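Per TrEMBL, the features are as follows:
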- 50-144: domain 'PH' (DOMAIN)
- 170-259: domain 'PH' (DOMAIN)
- 265-372: domain 'Arf-GAP' (DOMAIN)
- 461-563: domain 'PH' (DOMAIN)
- 677-853: domain 'Rho-GAP' (DOMAIN)
- 861-924: domain 'Ras-associating' (DOMAIN)
- 1056-1075: transmembrane segment (TRANSMEM)
Amino acid sequence: MQNCFHSQFSVDEAEYEDIEENRRTSVDEDSIYLGCTLSQSFNPDFHHSPVIKMGWLHKTPPQGTLVFQKRWVMLDAQYLRYFQNEKEVYSKRIIAILSVTKVLNVGGQKFEVVTRNRTFLFRAENNSKSVREEWVSVLKETIQQHCNSMEKSLMNSSDTRGQRASRVSLISKQGYLEMSGLRSKLYVVICADSVFLYRNAEEHSQGVGITSIEMNLGTVKGTDKRSFNLTTIYRTFSFVAESEQQREQWVEVLQACVSHSLSSNAVAQKIWSEEANQRCADCGAPHPDWASVNLCVVLCKCCAGVHRGLGQSVSKVRSLKMDENAWTENQLFLLLGNDKVNLFWAANIPPSEMLCPSSDSEERQRFVTAKYCQGKYRCYHALFGQQEALNKALCNTIQTGDVLETLSLVFCGADVNCYTGDPELPSPVSVAQHYGQTLQVEFLTHNHNTGRSNETKAALPISHTGYLFKTASSTRAVTEHFSRRWCSLNQGNFSYYESEKSSSQSGQMKMSDVLCLVVNPQGKHGYGHSFELYHDSGRVYLFGEDSPDTVREWIKVIGKALVPPVAEDLVGWSFERVGRLRYTVGQSFHCPCLGWFSLGGSRLLLLLHGEDQVDNIDLRKLQELFTQGYSETSGAVVLVDRGRRLRLEGDRRPDYQGWLSGIQQGLGRGDGPLDQQQLTETEVPVIVDRCISYITQHGLKSEGIYRRCGVNSKIAALLLSLRHDARQVRLSEGVCQVDNVANVLKRFLREVGEGVFNGHQASLPWLHTTSDERRERVSQYKALLHSLPPVNRATLGAVINHLYCVQCFADENQMNMHNLAIVFGPTLFQTDGTDNSAGQVVEELIQNYQDIFNVSGSAVSAEELVCEVLRRGNIPPQQGDYWSCFLVNDNQEMERPLHYQERALAIYFSLGKDCHLVVKRNCYMEAMLIYIAAMVDVSRNSMIKFSDEKGQRGKRTFSRRLCVLDGTSLRLYKEVKSTQPERECQVHALKVYYGIKKRLQPPSCWGMTVVCEQAERDKQQWYLCCESKNELIKWLATFMNLQVVSFCVTETYSTFLSSLFDFFFSFSFFIYIALTHTHYT
């Protein structure tokens, strides 16, 4: 076959043998197989149009071949597609419903799909007449609905040609492209937010193609002069254009297609309905699709980029298309409009300074800064400069609907947070709310940190004089030839003279040209105290003095003169280095901003561009740190902290290398005490956390855990790697043995500086608790625990928590509390083991773990677990997503959401090797709650496809059964007329899991596994398969509703159901957090 794929694509063997001979007569065997499958069952929601029907069919065989090919077929409102199997993402063929003229029944359970130029022959599985009739009926109905909608749209349009042109205009580009591994070219069509692949242009005109690629999952990147890649989450398509110019055109159109697929015009069209908003407020460019929500101006893309660079405290930029969820209201922009707002912002613009759509970035930067930061062109309010009068006028205006007057008052100095004089309505926002002025409330809310608070504070003049010893400036700090100089800091200039009486300067530098101030360790460079100034030219100035007070005062005044007034917190502590660096946030490396940073020990303070508050990073808790692109001319260091990616850029100048060295030293030392280790967010050393997590996952049931010896050479090598950089070490099963990891943990705790109990002296009270009463000893332990430093307290809690979990499996690992105490007593107290008091203390800590560490133990419910995990994940409450704690069984390929009152830790301790708990979004919950709310009778019955464990030994077939579920039991009847159930299980003994393992070959992907355990040794698994997602949701909702009733015997049903609804609160992010990484301490 001419157009088969060899490397990334392949053709079925049966097809390949006969395709050349029958290429002209065979209709659909020239399909191309895109070999890409999902790791889990294919989700039909991947396509934009909802799936109407899907299932297995046999399709037209090649000429002369007697065996039909089995294909997974899917039908939606627009296309009929068939795939190699149900896991495939990209189809072998796609047939537009618009091109189908009729559907015909033919003999042998077969039916034909007839298009204008081709006929596709399908045959139902298992000679099932009902399946064929169902497919034919659904296809005819879909075709008829499509024709009706087309006729209706044509009747509503007087210009048929215009209607046709409108449909054609959705195609942004089409043409031939080469594809990697393909002998001849493909015809590629970019239409709306999808890319369609055809064998040739003729197929495109016929409406029969190969596949479609949804661009909301894609990215486009050029790879060579003529080639580029289209990458989705499932695979990468490599294309080659005819020329470099053509490649640029294709890449540009594809990138626009990606943006279009992720955007919505609903907000933009509404805001553009105000004519003044159809032009950019700054340069006048047409159709601006960005806006500053606090300045109330609609902007083009170029001007919005400049606004974003000003920072959130000046201009809060939002996209009209990409940020649709952020636009809860847009009436403010319809009320004002760019023309009215510019009566204030642009009242006095000289013609020579006006922007136009073709203005370059420097002109835009200059104009936007002058217009909004300096207020150079604004119409000054009559009360400008009279603060009290401005505030009073603001409080009066917000009672009316005159938002433009409010805007004028705020950006001429009125304080949006001023006191109104009314204790019941103390703020302007509360006054506006009281008078029902919703637009005033919206405007004030967007500007709560602008107005007066946005005005730059005037820096107080800083001056200081005195003698310092100085070396000649160099490209590095040198210690030779120190000379005593009279130094003066005044009006932002640092000067030095031969003596106090000299009138001519020996040298001078502007503080604005100083990149960094470094405080040296005591005794460095031959002086008791010294500091360095790194100049923008690359030179280093070293100053020293034996008097600590003298140097301390100089550092204080130089630091204040160096940083802007808003960043004074950066120099108000014992820092080691302070200065400015270029940085970017996120994945983009373009357009770096200038920020201020202060470093001391493991603490990094920073003030980013446009922010008005100093942020704090604990370097010990960094998730990741690495250098990037370092060369002789440039380099960068990337910090990942609490999910934020911060890229600090520098060059070869010594100041950047000093920053890099200081940050690396602040990460934590594996050979230091606990508070100098790399830490997790819960302040547990990463070494301890890594080892505990690994043993929790792979060694809880290992016999003799912590008593058996590992391989000493591997233990030493692994501990050395962890001490060097624990975050970069990944403990994986099969590579690291459980006993080796266990011994690494013991050796680290025994050798760590000062130990877990913060030194020998601090550990003595633990070993000499005098009371004979358990309650009093527990009280003493709690007091001693509270006296430990935070890191030591968190580490001890994590270790005892882990040992408590280990002893829960004592029947299997033979490590009860006493055995663990024998091992960990000398380890934690760093003793020789001759005194058994250390073991007794550790045993009592494990035995009384819940009381001493204030945890609820196995009483932790699924609800409490979800709340705790989301709190630790720092996920704020939002609307839209429902969360549950799932019990996941990897071996059986199924999962179930725990009832929110189930005891999560008790379940966790009983889990097998293939099971774990996961907190994640419940995709069915919203539909289930809606269905439950509308239920009248808490029961359900319908025909459903069924199989059980016995079927696994035979043909593994699914048979239709009448399934009846009510408040007492779940019953399966062989036929509708049957009076006795074939199988029955009480509701209280049921556990319902989502999913059916794939090797059972379920007839659809809408399946559930029902585990029935009515007696200790009577456990059965039933596999129930629904025909649609909606049917599955109804069954799951009925099961959940009945189990709510059976679970709660003391509460009324309505009260309990209300609490169930309250539990499933909403969050906006999608995150999986495993229980094994969460320690309750």
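Using the three backbone atoms N, Cα and C, a Cβ is placed for every residue, glycine included.
Taken residue by residue, the domain 'Arf-GAP' (265-372) breaks down under DSSP into 53 helix, 11 strand, 44 coil. Across the domain 'PH' (170-259), the DSSP tally of helix, strand and coil residues reads 25 helix, 43 strand, 22 coil. Along the domain 'Arf-GAP' (265-372), the predicted structure has mean pLDDT 84. The helix, strand and coil residue counts that DSSP assigns across the domain 'PH' (50-144) are 22 helix, 46 strand, 27 coil.
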